[in-house]
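Visitor: Please see the structure below; I have some questions.
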Amino acid sequence: MSNDEFPTDQPAVVTCGLPYANGDLHVGHLRTYVDGDALSRALRRIGQQTAFVSGSDMHGTPVAVNAAEEGVAPREFALDFHETYAETFPQFNIEFDNYGHTDDETNVELTQEFVRSWVENDHVHEKEIEVAWDTEEDQPLPDRYVEGTCPYCGEQARGDECDEGCQRHLEPGEIEAPVSTLTGNPAEYRTREHKFLRLADFQEYLQGFLDRLEGTDNAQNQPREWIEGELQDLCITRDMDWGVDYPEDVDGGDELVLYVWVDAPIEYVASTKQYTERVGDDEYDWEAVWKIDSEERHGTEWDDEWADDSGEIIHVIGRDIIQHHAVFWPAMLRGAGYNEPRSILATGFVGIDGNALSTSRNRAVWADEYLDAGFHPDLFRYYIATGAQIDTDVDFSWDRFQERVNGELVGNVGNFIYRSLLFAERNYDGTPDAAVSDDVRGRIEDAIADFEAAVREYDIRELAEIAIELSNYGNEYIQRNEPWNLVDDDPEEAEQVIRDCVQLTKAVAVLMQPVLPGKAERLWGQLGEQGSVADVTLDSALEAPPAEFGEPAELFEQVEDDHIEALNEELQERVEEASEASAEASNEGGEAAGDEVDDGDVDTADLQPLVEDRISFEDFEGVDMRVGEIRSAEPVEGADKLLRLEVDIGHEVRQVVAGLRQLHDAEKLPGTRVILLANMEKAELFGIESNGMVLAAGDEADLLTTHEDAPLGTRIK
């Protein structure tokens with residue numbers, strides 16, 4: 001859904017999902033921030049007052065777990081990564097107006113203010129719940145301290161989310177067959193008292209919010225299934241030492257910290273507030289964005305007239321956190337009397353060489369690796385912004401990177417700009433003394449209109465391609481008119497052609513700035529323009545360039561074969577080393593237990609402990625597993641990881657919903673032999689009945705099959 005009103009009279013804020021401060025950045029992380037940065041630049045280009053903010057997520061179990069493994073305090077551990085992120089983002093020309101973190105004073109105070117507001121408006125209650133407990137360590141196991149089985153889809157899940165399957169948020173006590181990540185032992189459930197936000201108070205509001213929401217379709221459609229039934233209350237506290245303390249002046253919160261997904265999104269508000277405190281509210285007023293007519297309007301309803309008195313809140317996130325931003329977060333804001341998001345853009349994932357990005361297997365391209373390779377950051381920005389629509393996955397490969405840079409940037413944009421400016425400088429000392437032709441002016445005006453439309457559609461890919469298409473037009477124009485032949489035969493026409501080409505070059509600089517800001521700035525300087533291209537509006541694309549400028553330099557450099565070959569070899573070696581290390585670690589564990597070890601070249605997994613409870617032969621006889629064959633496979637609308645399969649099991653063709661979308665090419669699945677658990681209870685996922693379960697092994701969803709061609713419907717014994 002688009003916003004036809006941009007630019008508006010109210011300020012806008014573009015935010016990006018907070019990176020967990022517990023690991024190095026890779027290209028998968030960077031996609032969200034490149035898209036957010038490009039959108040914020042484009043909004044400014046059309047005259048929309050815009051702030052671009054984010055921050056590091058310092059709290060939660062991932063940070064606490066990794067800090068404990070390193071033997072340092074969680075804050076020290078997280079601050080180290082926060083400082084690294086703050087240094088890395090600008091190296092990719094990702095320029096936040098403010099980049100804070102969730103443990104800073106501003107965010108802690110705002111978070112506690114939000115909670116007090118919820119309590120005062122009776123949106124919080126206390127109840128006893130079952131929480132996972134490690135009996136060996138004698139401590140509770142919040143969130144990622146526990147893993148097990150998702151009660152909704154049966155996939156492997158973390159304590160607070162089904163990250164491998166249906167992507168649902170999981171409340172404490174929901175996960176089945178819980179296992180402690182501290183000791184690897186089965187966990188037990190014990191009763192504890194915790195605080196809950198009454199999401200049911202906001203059910204009607206949330207349904208209307210999704211109707212109003214702009215952005216990507218997945219952000220609007222995916223949450224509908226979650227709010228159709230009775231909304232479960234959100235547990236907002238955890239049994240941990242690390243996090244924002246539950247407010248001391250509110251009864252019953254002793255020794256509890258707030259759930260990380262309470263304080264994390266509030267950092268968007270805190271970071272915007274910090275920006276205002278730095279530049280002054282005359283330049284940018286955070287309350288004009290986050291509050292309604294700069295005030296708090298409490299209640300569980302929304303008045304459509306408030307939209308005219310409120311700023312534009314735009315969230316750019318990974319699609320794995322849609323539920324948090326499209327269900328929990330708007331309820332949190334409404335409960336505190338704040339404004340609601342205007343739009344949510346949920347980006348697709350980034351794969352590597354046709355495979356899922358896997359940090360455990362070192363199948364990743366790291367941010368510092370890209371920079372160390374010596375490539376300009378804008379080349380990556382262009383690749384990732386134009387690789388697919390924002391809500392679709394992008395595959396990154398060094399070979400494709402080379403192909404696109406050399407073909408699209410060097411061969412198209414760079415070629416047109418260099419020969420146009422070089423010809424102009426050598427023959428006219430700069431811009432020829434002529435007016436721009438009507439045809440070229442019209443073409444630039446069309447490009448400007450397309451740019452404005454792309455911003456209103458939140459179409460980052462189109463934003464990037466407009467400048468490329470204009471450059472392609474310029475290449476065709478100069479090639480068709482051959483000014484090098486006109487200089488002697490028709491000097492006036494030669495002047496006209498080069499005048500047009502210089503104007504097209506300036507327009508390309510203006511239009512490519514959101515995605516290629518560094519290269520646009522360099523081109524701006526080559527044109528002899530004053531100031532920064534970042535500060536001009538779209539109209540400047542039609543303003544005359546300076547009469548004089550110096551000899552240009554090549555804007556883009558060719559990516560050489562030997563460089564790419566070396567990077568491919570390095571990546572392959574890392575993947576192989578990680579696989580070998582994983583195999584050795586598993587083998588060592590097996591030998592210590594006295595098990596025989598297979599010395600073959602086989603990938604091994606981090607093994608979960610065996611289930612201690614035994615089943616009888618009669619119980620096993622009750623499990624009906626059949627040989628099947630996938631007849632068709634198609635994505636489930638609104639679900640990022642699910643496919644709807646039709647599986648032939650001899651007796652009949654079954655419809656099955658399976659979490660295979662990110663791990664298998666749907667087009668290649670038909671004809672694949674699988675094992676189907678045929679007497680699995682029927683389930684409904686995203687409104688589709690699933691009649692059985694396809695069996696698969698491990699995080700990569702390795703599909704189980706038979707060694708020989710057993711007839712369809714053959715029972716597994």
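Cβ coordinates come from backbone N, Cα and C, glycine included.
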Visitor: Given 19-29, 558-568, 624-634, which one carries Swiss-Prot's motif ''HIGH' region' label?
Guide: 19-29
Visitor: Identify the motif ''KMSKS' region' range according to Swiss-Prot, selecting from 111-115, 166-170, 356-360.
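Guide: From Swiss-Prot, the annotated motif ''KMSKS' region' range turns out to be 356-360.
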Visitor: Around CYS153 (Zn(2+) binding site), which residues of its chain at least 6 apart sit with Cβ under 8 Å of its Cβ?
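Guide: Long-range Cβ contacts: CYS162, GLY165, CYS166, ARG168, VAL657, GLY659, ALA683, LEU685.
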Visitor: With an 8 Å cut-off on Cβ distance to the CYS150, CYS153, CYS162, CYS166 Cβ center, who else from the chain surrounds the Zn(2+) site?
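Guide: Output for this site, in sequence order: PRO151, TYR152, GLY154, GLU155, ALA157, GLU164, GLY165, GLN167, ARG168, GLY659.
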Visitor: In this predicted model, what is the average pLDDT of the motif ''KMSKS' region' (356-360)?
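Guide: Overall, the motif ''KMSKS' region' (356-360) comes to a mean pLDDT of 82.
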Visitor: Secondary structure at THR359 (ATP binding site) (DSSP, helix/strand/coil)?
Guide: coil
Visitor: List the residues of the same chain that sit at least 6 positions away from THR359 (ATP binding site) in sequence and have their Cβ under 8 Å from its Cβ, in sequence order, or write 'none'.
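Guide: Listed in sequence order, they are GLY23, HIS26.
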Visitor: For CYS166 (Zn(2+) binding site), what is the secondary structure state per DSSP, taken as helix, strand or coil?
Guide: coil
